[in-house]
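These notes concern the structure reproduced below.
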Amino acid sequence: MTNWIDIAALDDIPRRGARVVKTRQGCVAVFRTAEDEVYALDNACPHKAGPLAEGIVHGSSVTCPLHNWVISLETGQAQGADEGQVQTYPASVENGRILLDAAFLRTRQVAAE
Amino acid sequence: MTKKLVVIGAGMASGRALEQLFDAAPGEYDVTLFNAEPRGNYDRIMLSPVLAGDKTYEDIVIHDSAWYEEKGVTCRFGEKVVAIDRDAKTVTAANGDVLPYDKLLFGTGSNPFIIPLPGHDLEGVIAYRDLEDTERMMSMGPDNKVVVIGGGLLGLEAAAGMAARGADVTVVHIMGHLMERQLDEAAGYLLRKALMDKGITVKCSANSKEILGKDGHVRALLLDDGTELPCDLLVMAVGIRPNVALAAEAGLAVGKGIHVDDQMVTSDADILAVGECVEHNGAIFGLVAPLYDQAKVVAKTLLGEEAQYVQKELSTKLKVTGCDLFSAGDFAEGEGREDIVFRDPSRGVYRRLVIENNVVVGAVMYGDTADSNWFFGLIRDKTDISDMRETLIFGPAFQGGAQMDPLAAVAALPRDAEICGCNGVCKGDIEDAIAAGSTDLAAIRATTKASGSCGTCTGLVEQVLAVTLGDDFVIPTSQSICACTDMTHEDVRRMIKSQELKSMAAVWQECGWKTPCGCHVCRPALNFYLLADWPLEYQDDPQSRFINERKHANIQKDGTFSVVPRMWGGITTPNELRAIADAADKYKVPTVKVTGGQRIDLLGVKGEDLPAIWADLNAAGMVSGHAYSKGLRTVKTCVGTDHCRFGTQDSTGLGIKLEKALWGSWTPHKVKLAVSGCPRNCAEATCKDVGVICVDSGYQVSVGGAAGMDVKETERLVDVHSEQEAIDVTVAFVQLYREHAKYLDRPYKFIAKVGLDWVKERVVDDLEERKALIERFELSQSIYRKDPWAQHVQDKAQTYQPLADLALEAAE
Ligand code: SRM
Ligand SMILES: Cc1cc2nc3c(=O)[nH]c(=O)nc-3n(C[C@H](O)[C@H](O)[C@H](O)COP(=O)(O)OP(=O)(O)OC[C@H]3O[C@@H](n4cnc5c(N)ncnc54)[C@H](O)[C@@H]3O)c2cc1C
Ligand code: SF4
Ligand code: FES
């Protein structure tokens, strides 16, 4: 069951940008695309844990700021020749507010412990 | 016995419902129809053609008095229903009449939303909803100025209609592009261009602040940025709100609209609702197609028949002559979605399909919408498109046919488009030369001089040859910027200049980009080209910059940042050093290092602390050192005449002056300078992008050195006598580099391409050109010579913080 929690206004993130949400187990990066879709992923690149929230967002991908791996925001999968995947979390927008799934974030915490 | 049906609102939805009702069961109901407007049902959609002068009100009446008479409808037009007593089952009209009903139907439509700006109640501020509004707009002619707030469907139809009558119309839109809910950026760009061609002024990303009046009448609209737009009439077309007040007062369940179930029945079994006033499954409505579906259902429900309203896909078209656009479905990027983009710059055509699981889920088209119904059908029917995927974008006629044409952008250029900037050669001149027998690059160079100077337009000249000669000319392959385009950096830069492309969306469309919004390779390059060529018109896009330039600090391998304040010419003071030391303590900076650029680096600062540490450094008089930028980095100096026994000129002073002139400017790659006080060259000036060596007779300015991945000694540009000349030549050189170099080419690579002689001609020999270069640099610096740290501390500090902190909540 989803248990949506209100995180912030959609406009708090620029289009083609990202901000992080802090959790006890490190940061989740919340992305907003040019088309106002939001995605939530672990803020750590599968390559060397680069902070994905600082990358350049294009289409529904982000390019890691450290060594340019391109990560799909939908699947968390590294694109092209690179291999690896980041954890993704349910995220949605309702009435201009960004919602994340509390239950999922908690599972993440358990998994990390 | 005939039952009594009272209908509130004679709009398009209730009108269609009545038609259905009378067709199915004439005489079943005795109908009384109230309408606040002093007329019956007319085609509201067609108000735009009426406004534009293509139709008259008589043409758009749907139900005339003969129709109402024939159906036995009691019409109470110009009368409002003011109250409902659900227990007694009566309605009260404005004049106090109380009428009983068996069934009550709401068709009250919606109200235009009026932004409560100061001055919104002035005379001359109107919405666009009914015939009165339309007539008001029709009174605007060539002597009138009009402002329309809202760049959506309604606003643009209003603007185009008034412009067609000769009025001077400005559209003010808050978002970055027009019709953002139906169109993506590229289509929005084309639409804007078409409207500007009709003489309409379009201002996007514009925030209205206040409506100014005089003697109770609107006089002008004031924007956030201080701009005043004078107007005789101000039309607000910013959205609609379902008209629910009466229903809410009567105690019906109301959310955004009047709640109805699948049978269009409200929370009261004897009261139904239809049209824009309803909310069904969380959705509200603003187009007639769904309202007509609802009308069918409501008529059946009134007759006690089974029926169910189901929401369907919607499509949008704009009713403005010459602007063919279409959008349908959902074109947001999303889970497992993929785009197919087709652009034909020569015809101004843009098409984009969004595909999910082999089904088209969304479509945006501009310019050629002939196939829109076919695509809409694919969306509605969820057709499996796997078999036609490759050619899908070309539409039904082209199945198995056309290919994208990499030459389309150049083919589209008008004859007067300048191809060679150095020699002022237009496309037409080259075409004429080809016609006269110059059929290869060398011949074109010889006859027209095109591409004979700096050579950066070579790619475009070759493409003109290919377009003109067809298969007879084979273009040597050259490297495109990235997979998003077939064009090279040089081609795109020339297009930006000669076609006056001033936005990213403009470049994507006119240069035939193959992706909807570029990638991490092309976007930073385009962002630089646009801001360098159009400093006033183009707005820097932080989202197209690498993180270091977006956050004005260097990202480190662990995600922390380094902070390097400017030390002008390498000079510092005890106070500055104390402030740096205090900041290092306060923010627990793990490493403090002296850089190779004569200043101090604070390494390992947390992203969240950046605005605070900058504010502290700003307070001590220090600004960003741009150690992260493709822009001016450092100007190294030696001690010069102030202290050194060999110094010939004030090298430290000149270094500081140069740094103060150049700081803040963005360049294709980083730019580093040095000034040494004598040929012993303690500042290592001869391996910098620009190096100055002071000598007794003046200053030796040299350029194009390197000491990074390549090592290269500078070449002498010129020897000058005065300090001012040294500064002028340097600034002019940097501007020439900004205007012509490829993104990520350091000056030595740029010079290798264009030749030092070409540079000298412009910067040294041609004093007019030197002056013009300096002027253009200063114009750009009027925007960019500002401390980004101070700006971010002021406007953006919040964005450096996490969006939310769930660490506490998760602990529970
Ligand atoms: C801090 C500093 C090293 C130091 O501790 O002294 C430094 C640090 C970096 N340099 Fe440098 N360079 C520094 C002086 C130099 C110099 C010497 C100089 O400026 O006199 C050079 C050779 C001169 C030159 O630029 O040609 C230099 C040549 C490079 C290059 C190669 C450039 C080239 O065109 O070949 C790069 C890579 C690049 O820019 O693409 C680079 C890139 C970098 C980056 C930004 C790598 C990166 O992209 O993350 C380093 C950032 C480290 C960090 O995490 O903060 N750094 N770098 C120096 C800062 C100077 C300053 O005060 O701004
Ligand atoms: C300029 C313009 C262009 C448009 N273009 C398009 C288009 O191209 N395509 C498209 O699909 N849609 C278009 N629309 C939208 C479309 O016209 C509406 O969706 C449709 O008219 C709504 O019908 P309705 O019956 O729900 O409401 P309306 O047509 O608004 O009818 C409601 C009526 O109820 C009356 N009323 C309200 N309260 C009371 C009361 N208490 N007592 C008595 N009467 C009351 C109002 O006066 C009004 O006449 C356009 C709209 C406008 C204004
Ligand atoms: S030489 Fe420059 S880029 Fe290389 S490790 Fe040192 S600081 Fe980093
Ligand atoms: S850490 Fe992301 S690409 Fe290396």
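Glycine too: its Cβ is placed from the backbone N, Cα and C atoms.
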Problem set entry | Candidates B:CYS522, B:CYS644, the one TrEMBL lists with B:CYS638, B:CYS678, B:CYS682 as binding [4Fe-4S] cluster | B:CYS644
For this session: Identify which of the binding-site residues B:CYS638, B:CYS644, B:CYS678, B:CYS682 has its Cβ surrounded by the largest number of other Cβ atoms within 10 Å, counting every protein chain shown.
Result: B:CYS638
Seminar exercise, completed: Residues in the domain 'BFD-like [2Fe-2S]-binding' (B:481-530) per DSSP class, helix first, strand next, coil last, are 26 helix, 0 strand, 24 coil
Problem set entry | For the [4Fe-4S] cluster site built from B:CYS638, B:CYS644, B:CYS678, B:CYS682, further residues of that chain with CB within 8 A of the site's CB center | B:VAL639, B:GLY640, B:PHE646, B:GLY647, B:SER651, B:SER676, B:GLY677, B:ARG680, B:ASN681, B:ALA683
Seminar exercise, completed: Under a three-state DSSP reduction, the secondary structure at B:CYS638 ([4Fe-4S] cluster binding site) is coil
Exercise. For B:CYS678 ([4Fe-4S] cluster binding site), what is the secondary structure by DSSP, using just helix, strand and coil?
Worked result: coil
